[in-house]
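This is the structure, below, for whatever I ask next.
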Amino acid sequence: MITVNVDLGDRAYPIHIGAGLIGRTELFAPHIKGSSVTIVTNTTVDPLYGDALRAALAPLGKRVSTVVLPDGEAYKNWETLNLIFDGLLTDHADRKTTLVALGGGVVGDMTGFAAACYMRGVPFIQVPTTLLSQVDSSVGGKTGINHPLGKNMIGAFYQPQAVIADIGALTTLPDRELAAGVAEVIKTGAIADAGFFDWIEANVEALNRREPAALAHAVKRSCEIKASVVAADEREGGLRAILNFGHTFGHAIEAGLGYGEWLHGEAVGCGMVMAGDLSVRLGLLDEASRQRLDAVIAAAHLPTRGPALGDARYMDLMRVDKKAEAGAIKFILLKRFGDTLITQAPDEAVFATLAQTTR
């Protein structure tokens with residue numbers, strides 16, 4: 001087992017990474033202070049790992065209940081969030097009840113948001129079961145739900161007590177979900193660590209094959225980088241925005257097609273292709289680096305052409321973005337691997353990128 005720490009003073013927490021961690025009682029015990037636990041999971045993950053988690057919690061002598069949500073990005077909304085609150089209230093959960101998010105990014109984001117809101121804040125633990133959630137969404141305290149007009153526009157910054165990332169859970173991931181997670185690994189290397197990007201290029205096939213050593217290193221290094229960024233800028237006042245490379249275009253794709261049509265990581269992968277193209281057009285990135293970026297995204301079996309939503313629709317969707325200010329779209333662009341720029345771009349350049357990178 002590897003442990004990475006997120007250094008946030010009195011709100012610091014560990015990220016435990018390894019195989020078989022869902023069943024290890026001692027990893028949960030220090031973070032559960034009250035007399036009850038509510039597991040929040042979904043219809044896909046509960047049959048796979050719910051019993052193992054409940055068995056791990058049983059020796060603690062807590063009252064354990066489970067809320068099972070429908071599976072998918074399409075359900076990341078108020079109605080599904082209320083199912084969590086319904087379960088908590090029905091079970092008489094109190095301020096010391098610990099929520100445990102067992103699932104991917106949707107489950108983690110909604111459980112964290114529910115924890116932030118219920119009785120104005122109860123503790124929660126992240127147990128991410130997808131590669132995307134292990135390398136990205138479970139770390140850093142971003143929680144929330146989608147709105148029909150924009151992704152993740154309603155939420156809160158609320159840190160977990162711990163992240164327990166069981167890489168053994170990745171063996172049951174569908175191939176599309178695995179590729180979606182590799183997209184966030186590629187993003188992390190591209191924005192923050194040229195050496196890690198080199199490693200991803202050399203090992204993308206090992207990741208595709210789910211080789212445990214490659215997956216463990218990808219999760220570890222991605223978490224180290226994200227933990228460092230979050231410690232420096234917890235609430236996305238500046239530096240943390242670089243983690244949104246590929247997300248401005250990507251979120252527009254998700255909202256434009258309807259949540260769940262493309263997986264989040266698929267949209268981010270394509271969004272990085274689009275952001276790379278725009279980076280070259282603005283004279284920030286060299287063509288050879290853009291080609292390397294596109295090649296590793298394609299090698300991860302991610303889409304490299306965006307849907308033809310139309311220029312006006314893309315622009316409208318990108319203006320509904322957390323980085324936008326007074327309606328001005330901000331992009332995270334590459335200068336070189338490991339070096340980014342947060343900037344606006346002329347509409348003509350964005351239109352040229354859309355013409356080149358959409359169907």
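Placement of Cβ uses the backbone N, Cα and C atoms for every residue, glycine included.
Swiss-Prot lists 71-76, 105-109, 129-130, LYS142, LYS151 with the feature NAD(+) binding site, giving sequence analysis as the kind of evidence. Residues or ranges marked as Zn(2+) binding site by Swiss-Prot on the basis of sequence analysis: GLU184, HIS247, HIS264.
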DSSP on LYS151 (NAD(+) binding site), three-state: which is it?
strand
In angstrom units, rounded to an integer, how far apart are the Cα atoms of LYS151 (NAD(+) binding site) and GLU184 (Zn(2+) binding site)?
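Between the alpha carbons of LYS151 (NAD(+) binding site) and GLU184 (Zn(2+) binding site) there are 17 Å.
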So which binding-site residues out of GLU73, GLY105, VAL107 end up within 10 angstroms of GLU184 (Zn(2+) binding site), measuring C-alpha to C-alpha?
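Checking Cα-Cα distances against GLU184 (Zn(2+) binding site), none of the binding-site residues falls within 10 Å.
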List the Cα distance (Å, whole number) between ASP109 (NAD(+) binding site) and HIS264 (Zn(2+) binding site).
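Between the Cα atoms of ASP109 (NAD(+) binding site) and HIS264 (Zn(2+) binding site), the distance comes to 13 Å.
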Roughly how many angstrom lie between the C-alpha atoms of HIS264 (Zn(2+) binding site) and GLU73 (NAD(+) binding site)?
8
TYR75, GLY105, THR130: which of these binding-site residues has the highest Cβ count within 10 Å of its own Cβ?
THR130
Using the CB centroid of GLU184, HIS247, HIS264 as the Zn(2+) site centre, which other residues of the same chain sit with their CB within 8 A?
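In sequence order, the nearby non-listed residues are LEU132, ASP136, SER137, ALA180, ALA183, LYS187, GLY246, GLY250, GLY265, ALA267, VAL268, GLY271.
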Are there residues of the same chain, six or more positions away from GLU73 (NAD(+) binding site), whose CB falls under 8 angstroms from its CB, and which are they?
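Set apart from GLU73 (NAD(+) binding site) by at least 6 residues yet with Cβ under 8 Å, we have VAL106, ASN146, GLU254, TYR259, GLY260, LEU263, HIS264.
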Below 8 Å Cβ to Cβ and six or more residues apart, same chain only. Which residues does that give for VAL107 (NAD(+) binding site)?
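Once residues fewer than 6 apart are set aside, VAL107 (NAD(+) binding site) is near VAL40, THR41, ASN42, VAL45, LEU69, ALA101.
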At a 10 A cut-off on CB-CB distances, which of the binding-site residues LYS151, HIS247, HIS264 has the highest count?
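Top count of Cβ atoms within 10 Å goes to HIS264.
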GLY105 (NAD(+) binding site) to HIS247 (Zn(2+) binding site): how many Å between their Cα atoms?
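So the Cα of HIS247 (Zn(2+) binding site) lies 15 Å away from that of GLY105 (NAD(+) binding site).
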Which one is it: of the binding-site residues ASP71, ASP109, GLU184, which Cβ has the fewest other Cβ atoms within 10 Å in this structure?
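So among ASP71, ASP109, GLU184, the binding-site residues given, the one with the fewest Cβ atoms within 10 Å is ASP71.
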Between the Cα atoms of TYR75 (NAD(+) binding site) and HIS247 (Zn(2+) binding site), find the distance and write it as a whole number of Å.
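Rounded to the nearest whole number, the Cα-Cα distance is 20 Å.
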By the DSSP assignment reduced to helix, strand and coil, which category contains VAL107 (NAD(+) binding site)?
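Looking at the DSSP assignment, VAL107 (NAD(+) binding site) belongs to a helix.
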